[in-house]
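Written below as structure tokens is the structure these notes are about.
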Amino acid sequence: MGTTVGTAAVDLDKMKVSGEKDKVPNGNNRADENSEDEDEEAGAPEVGAAKKKKKKKKPKKKNKPAASAQSNPPRVPLDQLFPNGNFPVGEECDYRDENLKRKTDEEKRHLDRMNNDFLTDYRKGAEVHRQVRQWAQGWIKPGMSLTEITEGIENSVRALTGHDGLTEGDSLLAGMGFPTGVSINNCAAHYTPNAGNKISYLLSLKAGIALKQEDVMKVDFGVHMNGRIVDSAFTMTFDPVYDNLLAAVKDATNTGIREAGIDVRMSDIGAAIQETMESYEVEIGGTTYQVKPIRNLNGHNINQFQIHGGKSVPIVKGGDQTKMEEGETFAIETFGSTGKGYVRDDLEVSHYARRTDAPNISLRLTSAKNILNVINKNFGTLPFCRRYLDRLGQDKYLLGLNNLVTSGIVEAYPPLCDIKGSYTAQYEHTILLRPTVKEVISRGVDY
């Protein structure tokens, strides 16, 4: 999410019923305590010689085998695919220079082992993200409405995390880390459809809210487990004319990931990203464009339940001497454009988040009080959108929501757009600066 300068269960065999009596270790016959005594045989010298009838044991039911593959669309909870709780590890990268020794340092290795719960949450969320996005990349087609696309992704995330978010507080346990962004063409970030966009295809095209063959769509969504947010994005096109634009941004993002690490200055990362991206050109409609980094969009650190943690990772050179530190989590994202390389607020606001530093003030509007209560109980400081309020049954909340924005309690994140007629692309990964290695937690076979 952009910020501006800002697996199989073992089947049990059926128990065989023996016609013979079981033997105990001392060699005596063992009678079933629940069996009924038969009549004693005539002339039997001892009572102990009486035969007892043994009840047949009911065969045990076979356990249902655990799912071994994801469904289409994704609906199998990840815990069924990984019943042992061991989720795939991301791409581990050694630190550079003097920090290379961290990999074998026993103290750092001990610190790394202590982060088991933290890593499990992140790796689970990352695997959810990979499975959902790899399905989405084959499912999304021109002609689909943006609402259909976003809800398809979000319903899949909720199914795989096992939290549908419809009961109070459920969304705070796991689910969407922030709303699915589906920003088109010159719109670079923070667009998701609001309510009322479920209209016909032709009207959707006219309104610009349906995906077209010639579009460049950034798909940016987050998955969280216990507030640990995996933030990753990719760009989809259906025309090879845009291939170089996507290649430039993907290369730039990988450059940023390569340069990032403990004690690395933000300015050094930004300079390396800019140099990589500006080395690409793309020809569209007979015009050649140098791919420009969008200078007022940045990567950012991520805190628990807080998508923008306060530190920014620039994508152009500058003077920021802030360093990355051990234990931090960062979203490394880059945006490239054929336009001016600068975005401004545009279109209708859809993304919101309660501020972590929200003032404690008295609200006069009842609608504002009511919607704040819903936000606190269902999202906390996680970003949300109007569609999320709609699915919770809320209505007539816009006045109250806007009041929370003007009161400084909730932050509104409008769509960010370059000049009309331009095209923008985005790629993003979440990295963990572990004590021993850097882990690109969201890395997949796709990007």
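The backbone N, Cα and C atoms fix where each Cβ goes, glycine too.
Listed in TrEMBL for this protein:
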REGION    1-92  region 'Disordered'
COMPBIAS  11-24  compositional bias 'Basic and acidic residues'
COMPBIAS  34-43  compositional bias 'Acidic residues'
COMPBIAS  50-64  compositional bias 'Basic residues'
DOMAIN    122-336  domain 'Peptidase M24'
BINDING   His190, His308  substrate binding site
BINDING   Asp220, Asp231, Glu428  divalent metal cation 1 binding site
BINDING   Asp231, His300, Glu333, Glu428  divalent metal cation 2 binding site
Round to a whole number and give the Cα-to-Cα distance in Å for the pair Glu428 (divalent metal cation 1 binding site) and Glu333 (divalent metal cation 2 binding site).
4
Taking the recorded divalent metal cation 2 site as Asp231, His300, Glu333, Glu428, identify the other residues of that chain whose CB atom sits within 8 Å of the mean position of the site's CB atoms, giving them in sequence order.
Met1, Gly2, Thr3, Asp220, Ser232, Ala233, Gly299, Phe330, Ala331, Ile332, His429, Thr430
Other than Asp220, Asp231, Glu428 themselves, what residues in this chain have Cβ atoms within 8 Å of the centroid of the divalent metal cation 1 site's Cβ atoms?
Met1, Gly2, Gly181, Phe221, Gly222, Ser232, Ala233, Ala331, Glu333, Gln426, His429, Thr430
Which binding-site residues (Asp220, Asp231, His300, Glu333) fall within 10 Å of His190 (substrate binding site) by Cα distance?
Asp220
Binding-site residues: Asp220, Glu333 - member with fewest neighbouring CB atoms within 10 Å:
Asp220
Return the residues near Asp231 (divalent metal cation 1 binding site), defined as same-chain residues 6+ apart in sequence whose C-beta is under 8 angstroms from its C-beta, sorted by sequence, else 'none'.
Met1, Gly177, Phe178, Asp220, Gly222, Ile302, Ile307, Ala331, Glu333, Glu428, Thr430, Ser442
Write out the long-range same-chain contacts of His300 (divalent metal cation 2 binding site), meaning residues 6 or more apart in sequence whose Cβ is under 8 Å from its Cβ.
Thr3, Ile307, His308, Gly309, Lys311, Ser312, Val313, Phe330, Ala331
The domain 'Peptidase M24' (122-336): mean pLDDT?
94
With a 10 Å radius around each C-beta, find which of these binding-site residues (His190, His308) has the fewest other C-beta atoms nearby.
His308
